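Copied over from TrEMBL:
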BINDING   Gln10, Ala11, Gly12, Gly13, Lys14, Gly110, Thr111, Gly112, Glu142, Asn169, Asn187  GTP binding site
COMPBIAS  249-262  compositional bias 'Low complexity'
DOMAIN    2-195  domain 'Tubulin/FtsZ GTPase'
REGION    244-263  region 'Disordered'
Amino acid sequence: MKLALIGFGQAGGKVVDAFCAFEEMIDRSFIEASIAVNSATADLRGLEHVAQEDRVLIGQSRVKGHGVGADNDLGAQVTEMDLDEIQAAIDRVPVHDLDAFLIVAGLGGGTGSGGAPVLAKHLDRIYTEPVYGLGILPGMDEGGIYTLNAARSFRTFVREVDSLLVFDNDAWRRMGESVGDSYDRTNREIAERFGRLFAAGEVNEDDDVAESVVDSSEIINTLSGGIATVGYATEPLNTSGGGLLSRVTGDSPSTPDETTSTNRMTSLIRKATLGRLTLPCDVSSAERGLVVATGPSESLSRKGIERGRTWLEEETASMEIRGGDYPIPDAGEVGSIVLLSGVTDIDRVEQLQGVAVEAQETTADVQQRSDEQFDSLLDTGGELNALF
Ligand SMILES: Nc1nc2c(ncn2[C@@H]2O[C@H](COP(=O)(O)OP(=O)(O)OP(=O)(O)O)[C@@H](O)[C@H]2O)c(=O)[nH]1
């Protein structure tokens with residue numbers, strides 16, 4: 001499907017950059033426009049793929065290009081003030097060619113966390129195309145303010161978008177990795193997972209378009225509300241291809257027998273669902289789902305996809321599980337993307353909100369104590385007057 005990507009704040013801009021790099025790599029066009037919005041000049045300067053004229057600096061009169069310092073109330077305010085600047089960039093996008101908007105933001109900071117929900121509300125009022133959010137949750141070790149920002153932004157963002165796709169930094173970090181390396185890697189993971197999903201509905205002119213190819217309307221119908229998460233699993237064709245029958249018959253390993261293809265596809269769908277999701281959750285709480293099989297057409301077993309789809313219906317007790325192909329000629333691997341939408345049983349979100357409520361109470365206590373101590377410090381019993 002064709003998207004207008006809008007990266008809000010530093011993380012949002014970097015992830016949009018990673019999406020553009022991913023699109024170049026897979027040679028399948030799903031990005032109609034890419035825009036980056038930030039209150040920090042340096043962050044905008046660091047981008048590689050977003051065109052100069054599509055980088056929008058907001059809040060200049062308030063924060064002079066230095067960012068909002070993790071104050072997401074201020075992030076929301078400066079966005080509201082400068083919506084016209086963002087709209088001017090969106091006005092250059094051929095909206096009639098778009099299937100949807102996707103606003104990407106790190107929810108722990110200030111600019112993206114505060115600004116993304118404000119922009120979502122604005123776009124929803126103006127356009128009929130769906131407005132999706134991609135929200136990145138902070139790591140648990142990032143501290144109270146990031147958690148509090150993320151929890152407050154999350155409840156606002158999910159309310160303002162047609163669907164909130166979520167990536168949890170905490171679930172994807174690796175021990176011993178530096179923050180910079182970790183972000184570069186996770187941004188590639190984000191672009192690959194969500195990018196493959198959105199690219200699935202797009203075909204090149206010379207592609208063989210089978211009836212079973214997934215259509216953007218199926219993605220849109222699956223993303224029809226609430227919180228969404230994505231799973232992805234692949235298997236190289238050369239190591240698994242063949243199976244017993246082909247080994248016996250001496251067939252090439254890239255043309256496996258039907259039973260092998262069917263079993264492989266079914267197990268890839270299970271692996272994608274039960275492996276690490278972009279936002280770990282209880283799969284049975286999903287309201288809707290979409291299963292997409294990727295790889296060379298001859299390796300995509302219809303029976304395997306059907307079995308995988310039926311299995312997911314049983315796991316979720318949902319009748320709304322869609323399925324389709326994303327043929328990639330000459331791919332060296334076969335894979336499965338699973339989109340779960342309308343998920344509600346999410347430990348990480350409950351934990352985030354719990355820690356945020358505590359952080360809010362602690363902040364209020366500390367503020368009150370500090371005010372009292374300050375008053376007491378300057379209290380001379382009325383024996384000293386201020387200058388004016
Ligand atoms: N996955 C990922 N997460 C990031 C990246 N950079 C920052 N984050 C996350 O995003 C949060 C901070 O958001 P930023 O985007 O840096 O903040 P901002 O929106 O620019 O806001 P201010 O800097 O406060 O003006 C942190 O809590 C991190 O968890 C990145 O490149 N990749």
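Any Cβ shown, glycine's included, is placed from N, Cα and C.
These figures come from a predicted structure and were not determined experimentally.
This view paints the features noted in TrEMBL onto the structure.
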residue : record           : Cβ contacts under 8 Å, 6 or more apart
Gln10   : GTP binding site : Asn38, Ala40, Asp43, Gly67, Gly106, Gly109, Thr111, Gly112
Gly12   : GTP binding site : Ile6, Ala36, Val37, Ile103, Val104, Ala105, Gly106, Gly112, Ala116
Lys14   : GTP binding site : Gly7, Gly46, Leu47, Tyr183, Asn187
Glu142  : GTP binding site : Gly108
Reduced DSSP assignment, Asn187 (GTP binding site): helix
Binding residues Gln10, Ala11, Gly12, Gly13, Lys14, Gly110, Thr111, Gly112, Glu142, Asn169, Asn187 (GTP) - maximum C-alpha distance in whole Å: 20
Per-residue Cβ crowding (10 Å cut-off), top of binding-site residues Thr111, Asn187: Thr111
